[in-house]
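Asks: Found this in Swiss-Prot, in case it helps:
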COMPBIAS  337-348  compositional bias 'Low complexity'
COMPBIAS  471-494  compositional bias 'Basic and acidic residues'
MOD_RES   S67  phosphoserine
MOD_RES   S78  phosphoserine
MOD_RES   T104  phosphothreonine
MOD_RES   S467  phosphoserine
MOD_RES   S505  phosphoserine
REGION    331-351  region 'Disordered'
REGION    462-494  region 'Disordered'
REPEAT    422-447  repeat 'RPEL 2'
REPEAT    460-485  repeat 'RPEL 3'
REPEAT    498-523  repeat 'RPEL 4'
MOTIF     108-129  motif 'Nuclear localization signal'
Amino acid sequence: MDYPKMDYFLDVESAHRLLDVESAQRFFYSQGAQARRATLLLPPTLMAASSEDDIDRRPIRRVRSKSDTPYLAEARISFNLGAAEEVERLAAMRSDSLVPGTHTPPIRRRSKFANLGRIFKPWKWRKKKSEKFKHTSAALERKISMRQSREELIKRGVLKEIYDKDGELSISNEDDSLTNGQSLSSSQLSLPALSEMEPVPMPRDPCSYEVLQASDIMDGPDPGAPVKLPCLPVKLSPPLPPKKVLICMPVGGPELSLASYAAQKSSQQAVAQHHHTVLPSQMQHQLQYGSHGQHLPSSTGTLPMHPSGCRMIDELNKTLAMTMQRLESSEQRVPCSTSYHSSGLHSSDGVTKAGPLGLPEIRQVPTVVIECDDNKENVPHEPDYEDSSCLYAREEEEEEEDEDDDASLYTSSLAMKVCRKDSLAIKLSNRPSKRELEEKNILPRQTDEERLELRQQIGTKLTRRLSQRPTAEELEQRNILKPRNEQEEQEEKREIKRRLTRKLSQRPTVEELRERKILIRFSDYVEVADAQDYDRRADKPWTRLTAADKAAIRKELNEFKSTEMEVHELSRHLTRFHRP
């Protein structure tokens, strides 16, 4: 049945016209949200009277559904109501009780488990989780939006630009993003390509160095002559903490053996010099030959370092340094010698080792990038140059803390073991000496004479105690020790033997005991008779005995008692014969 939509008041006459009492009740309960929106003013008895004077207009207070949002329906209707009576009716409807009439439906009882919904609300758990994810994603988006571009960081002075002779610039970070001994391993090493641009005129000062490419070194005018590295235009400033050494590893392919060597001694000596060069022949050997003397193609492409690879680089660096230390102790290798000439710094060739075919096996020695920290603040920030980012630019300080926390998870077990050993050594070295303990009155101060006196005192105490013990004679006098002779002891033993033999010899035999009616075994008391075998579970023959059989058994037993055993006169009446 299609009912009309009820938005406002429904008076009695229209209700009478629509349907009878039962269908009206069904209609009001079936219309969920629509019936709630309307303020229903039905009398308790619809059949009572039809005139408006006799109509009872008490409000029927309906129970609100829990799924309905609270007081929205009443608020919506209250805009359409002008009188104060209707508002009071709305307030009366908010209570959960029904005013029962003659034809109103029965009051809905709440179940026993209705209060459980107040405690356990599993439908809200998923909402909480989704809110949590929303909060975290919003925070991440805010952090990402707050990240500044590399150009802004250059303007602020967080990053500095390093210009080569060729006009290309590479950016190094002032933070400790790449510290001593860090290797940059990628499929292609990012190195500046040769161009015919004129270098900017620069004063000769302490500078930061970049590793030139193997092709640049080989194609030079004199392959044997040392190549000078470009310098930064900087001013002289007072000396600052020691230089950072950045290690760039050239990677030729999967067959290239990756080995890193931290050339700290050579870098520390190189700090004092203003102009340094690298031998091109050594660079050729390093970049062109693999582990087994294979020719490797030199790659000239540039590849930027991503922030995600920085942590892996740190870990690679640690493990490579550890493996190099192990190799140094196990293998015989040619030491990396550093010699200074008038032209500048020379680095030794790769460590050679005989291969399987007799060919010299060449290990990779890492090329070193020396970064001068003397004039960090005086570096010019010019955005006109093209930049090829060789090194990784670090984020702001907030992200640094997060990365430090994550990097702590990557520490190897070997490093933890070394830390434990170091801490143990520190604890042992911090143990106080005997003199310190004596000064703090923890150990008493004693000379050799005092120790001898103490020993003598202890010895006299012991001898006095031993001398105070009673002698054997005193114990005999007190009857604690009894004097014993061997003859007396032997006589006592003989006496014991005689006593035992006499007892054994005087024991009567079994026959004598039977004659005296002193029986030893149970079989001597009972005459054994053969009995028929029967099933002890199923067959029970004594249940089949009649009264005459029982009387005969009793008579036989009493006769045996009267003949075999003497019965006392007072108990003879108990042995009388039973008549069958």
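Glycine too: its Cβ is placed from the backbone N, Cα and C atoms.
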Asks: How many Å lie between the Cα of S505 (phosphoserine) and the Cα of S467 (phosphoserine)?
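Replies: S505 (phosphoserine) and S467 (phosphoserine) have their Cα atoms 55 Å apart.
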Asks: Would you identify the secondary structure of S467 (phosphoserine) according to DSSP, in three states?
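Replies: In three-state terms, S467 (phosphoserine) counts as helix.
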Asks: Across the repeat 'RPEL 4' (498-523), what does the mean pLDDT come to, as a whole number?
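Replies: Here the predicted model's pLDDT, averaged over the repeat 'RPEL 4' (498-523), is 80.
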Asks: How many neighbouring Cβ atoms, not counting its own, are there within 10 Å of the Cβ of S467 (phosphoserine)?
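Replies: Cβ-Cβ neighbours of S467 (phosphoserine) within 10 Å number 7.
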Asks: Report, as a single number, how many Cβ atoms besides its own are within 10 Å of the Cβ of S505 (phosphoserine).
Replies: 7
Asks: In the repeat 'RPEL 4' (498-523), how many residues does DSSP assign to helix, to strand and to coil?
Replies: 16 helix, 0 strand, 10 coil
